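A.B. asks: Got a structure for you, written out below as structure tokens; questions coming shortly.
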Amino acid sequence: MAPPQRNSNDWPESSDVYVETTQDSKIGPEPDPQIESPPEPETRLEKGLKGPNPNDYPDGGFEAWLVVAGGFCAVFCSFGWINCIGVFQNYYEKNQLKDYSSSTVAWIPSTQSFMLFFPILLAQSVCSGLGCCFLFYPIIAACGTWFSRHRALAFGIMVAGSSIGGVVLPIMVQHLIPKIGFGWTMRAVAFLFLGLLVIANFTVKSRLPPARRPFRFFDLVSPFTEKPFLLLALASFFIYIGGFLPFTFIIVQAEAVGMSANLASYLVSIVNAASTFGRILPAHVGDTFGVFNVMIVLSAFGAIMTLALWLPAAADAPLIVYAIMYGFASGCTLSIIPAMVARLGKIDQLGARSGALYAFSSVGALVGSPIGGAIQSAQHGAYSGLIVFAGVGMVIGTFLAILSRTAVVGSKFKVKI
């Protein structure tokens, strides 16, 4: 019996069936040349040549935390040195510069923060200030490349070095000067810094390779054309106008209201000890609830403590309580602001943008202490005007920080930023 005949239309279209006949030939349509074949997977060598992904943050690991440890050592030597300015303010007024007013002497530590007479101005203000700048901004930029989710905490731990330095260095300086003299005390501090900075040089590195690009002044100015950044810079400016005054004048003010010189000499160390917790704990909370939110709350708290506690303080107990409260509140200003800058721009611009912000806000640190000293001199030794000036500066800075936050997310309160 003959097999049934099939019509050619009963067969499936050739595009639906591929029949392999030989190794090199197929029955079916030719592949469309317009359709690109999928790219070949990158080899390990090709991935290495392209470098690490800027957005692939380790957020931990041995190398990342080693960078934080090295940064801690560097900040100990930079802002830790600046944080003991109250000791030198008190020492200079009683020794080398005893014939000058508090306003004149205050230019020395404030200029250190700004670049952050002679030869004290040259050695401690210009050289120390420039050295602090060269240490601080590279480690901020390097540390920022290793962390994203825990960036504020990493900055907080690293910048806590300034608080530990602010505890150790004042006690060290005040105990060594009577025993070995001012000159050898400075040399002892220098040898301590040498050891710590050797550690920093071997541990601090950026995860991303440096981008070679010509220096353009516009790169430093352009962030100020962004409203949130400009408002944040203004906030930092006013916070620094008032925020450094307690560090500079709390010892001499405490002695003026009757505290013993021995106890007053520990106030700067108390402020810095409290700021150690103020750098780490708020930074950890900031990673959860937003660095802008935490900074605004603590800046307001510092202003309230200054006006409500330091202003009327006339005994040992309230002054010590203020040193603790303000120390904790002030801790976030140095540790959280770099994380705030990182939220407003790309990570590879963190160093330049942080430098631009601090260059602007450091003018506040430059003029704050001399203005405060001038107010104190105009009041014939009273410190109430100086304290009000400090508190009002912090209030204005807090308000501007709120405006910066509003420029990013509007009036929404429950937003992490």
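Using N, Cα and C of the backbone, Cβ positions are placed for all residues, glycine too.
TrEMBL lists 1-12 with the feature compositional bias 'Polar residues'. Residues or ranges marked as compositional bias 'Pro residues' in TrEMBL: 30-40. Taken from TrEMBL, the feature region 'Disordered' applies to 1-52. Per TrEMBL, the feature transmembrane segment maps to 64-88, 100-122, 128-147, 154-177, 189-208, 229-251, 263-282, 289-313, 319-344, 356-375, 381-403.
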A.B. asks: Checking distant contacts: for the transmembrane segment (128-147), what same-chain residues at least six beyond its ends satisfy Cβ-Cβ under 8 A?
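C.D. replies: Here the qualifying positions are 54, 57-60, 63-64, 67-68, 70-71, 74-75, 77-79, 81-82, 111-116, 153-155, 158, 197, 200, 204-208, 338, 342, 347, 350-351, 354-355, 358.
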A.B. asks: What same-chain residues lie close to the transmembrane segment (64-88): Cβ under 8 Å, and 6 or more beyond its ends?
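C.D. replies: Same-chain residues near the transmembrane segment (64-88) but 6 or more away: 58, 108-109, 112-113, 116, 124, 128, 131-132, 135-136, 139-140, 142-143, 146-147, 154, 157-166, 168-170, 173-174, 189, 193, 196-197, 199-205, 207, 244, 247-252, 265, 267-268, 271-272, 275, 334.
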A.B. asks: Out of 154-177, 189-208, 229-251, 289-313, 319-344, which stretch has the largest tally of CB pairs under 8 angstroms to the transmembrane segment (356-375)?
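C.D. replies: Stretch with maximum Cβ contacts: 229-251.
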A.B. asks: Tell me if the transmembrane segment (263-282) touches the transmembrane segment (229-251). I count contact as 3 or more CB pairs below 8 A, with pairs 6 or more residues apart.
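C.D. replies: Taking Cβ pairs at least 6 residues apart, the transmembrane segment (263-282) and the transmembrane segment (229-251) are in contact, with 3 or more under 8 Å.
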A.B. asks: Short question: which residues 6 or more past the ends of the transmembrane segment (189-208) have a Cβ under 8 Å from it?
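C.D. replies: 51-52, 54, 58, 63-64, 66-67, 69-71, 73-74, 76-77, 81, 135, 138-139, 141-143, 145-146, 169, 172-173, 348.
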A.B. asks: Would you kindly check 263-282, 319-344, 381-403 and say which stretch has the most C-beta pairs under 8 angstroms to the transmembrane segment (154-177)?
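C.D. replies: Most contacts with the transmembrane segment (154-177): 263-282.
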A.B. asks: Six or more residues beyond either end and a Cβ under 8 Å away: which residues meet both conditions relative to the transmembrane segment (381-403)?
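C.D. replies: Here the qualifying positions are 231-232, 234-243, 245-246, 249, 253, 256, 292, 295-296, 299-300, 302-303, 306-307, 310-311, 364, 368, 371-373, 375.
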